[in-house]
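Taken straight from Swiss-Prot:
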- 1-54: domain 'ClpX-type ZB' (DOMAIN)
- 13, 16, 35, 38: Zn(2+) binding site (BINDING)
- 117, 118, 119, 120, 121, 122, 123, 124: ATP binding site (BINDING)
């Protein structure tokens, strides 16, 4: 099956159709030709497959101290949470390496429950763990899940996201990490079991039990609801690490009540309550989660419970400037590529942190605040070859004055208009 060009009688690659003049080398086989470009492409595909196989042997799982050190590069504060996560993740993958049984001792899964306010770093911690271990990672929102047979997503769709993250390599997906956000939203609506169906609360908790513990799940490859005439992807969830996170708004009074403090009324220990308010979440116990609305079986599948603290002003400033992927560093690098030096005054950073605290969005709100400040700067400066430096002041953050622009000769650019708040 020789391939010839009809016009010049030249040999062609049997795979891509390029002629011998269009490639550097054409290798002949029995009845076929292959060019150097196709050989290179095939080699890359094979190497990628072999690389993936080696990648998931987990022979060199980082030690807890090493995991914590890498987390410190990306996540500010939350020292106790980092320590708990590092130990839990290390034990989980050590269990996988050992085959989950050592001398007739069965090692159980160490799924994790993270409790902390919005924007405290729950999702970022889970994402960073997956990056450290180089495993497939998927995020699911518990609020979109419903019990099988009702409008909404089946719990198996969570597993589909992980399979997709692993490029449909089921073996890789079986050693991945799934982060389920807003897990507190599937709490039972009442402490007492209801007569009516709670399809997005207790029903979802019941549906999640099996996959959290470890089962062979049947996942519809295209997502959506199952129907009898479709093929399923079979995946074993035994070695998938599940990390669940939620704000658990309203659990503090439950913890206070257990600790014997009065929630309201005369004679309440106000001073003591104020002192302990910040550390209240760290005292959470499984019995508090039970009263909040999680069922006992579900709590039992999440043996590692860790709490995150609300971020204070200084922590938010550190988040803006210190991590490897800090947003201020990113903007500095982007403007540096245009030949402009970017500087944020200390007072400006403090004002940004205050705004995030006022909005009660934690670290998540920092990006939207900075993007609002930087929009005009990023729009105009690439066209301004005369500007050497841009300084963001506290007045810029408050919307009173535009950023201070300095020319190459050291003179300040005079602005005729104000930027929007």
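Glycine is treated like the rest: Cβ placed from N, Cα and C.
The shortest Cα-Cα distance between residue 13 (Zn(2+) binding site) and any of the binding-site residues 117, 118, 120, 124 is the one to 124. Considering only the binding-site residues 16, 35, 38, the residue whose Cα is spatially closest to the Cα of residue 120 (ATP binding site) is 38. Comparing the binding-site residues 117, 119, 121 on other C-beta atoms within 10 angstroms of each C-beta gives the minimum for 117. Each of the binding-site residues 13, 16, 35, 38, 124 was scored by other CB atoms within 10 A of its CB, and the lowest score goes to 16. For residue 124 (ATP binding site) paired with residue 16 (Zn(2+) binding site), the C-alpha to C-alpha distance reads 43 Å. The two recorded residues residue 121 (ATP binding site) and residue 16 (Zn(2+) binding site) have their Cα atoms spaced 48 Å from each other. Report note: the Zn(2+) site is defined by 13, 16, 35, 38, and the residues of the same chain whose CB lies within 8 Å of the CB centroid of those residues, excluding them, are 14, 15, 17, 18, 23, 26, 33, 34, 36, 37, 39. Looking only at Cα atoms, residue 38 (Zn(2+) binding site) sits nearest to 123 among the binding-site residues 117, 119, 122, 123.
For residue 122 (ATP binding site), the same-chain residues lying six or more positions away in sequence with a CB closer than 8 A to its CB are 114, 116, 179, 181, 245, 308. Compute the center of the Cβ atoms of 117, 118, 119, 120, 121, 122, 123, 124, which mark the site for ATP; besides them, the chain residues with Cβ within 8 Å of that center are 116, 245, 308, 362, 363, 364. The Cα of residue 35 (Zn(2+) binding site) lies closest to that of 123, out of the binding-site residues 117, 118, 119, 123.
Counting Cβ atoms from all protein chains shown, residue 123 (ATP binding site) has 16 others lying within 10 Å of its own Cβ. A gap of 44 Å separates the Cα atoms of residue 123 (ATP binding site) and residue 16 (Zn(2+) binding site).
Highest Cβ count within 10 Å among the binding-site residues 118, 120: 120.
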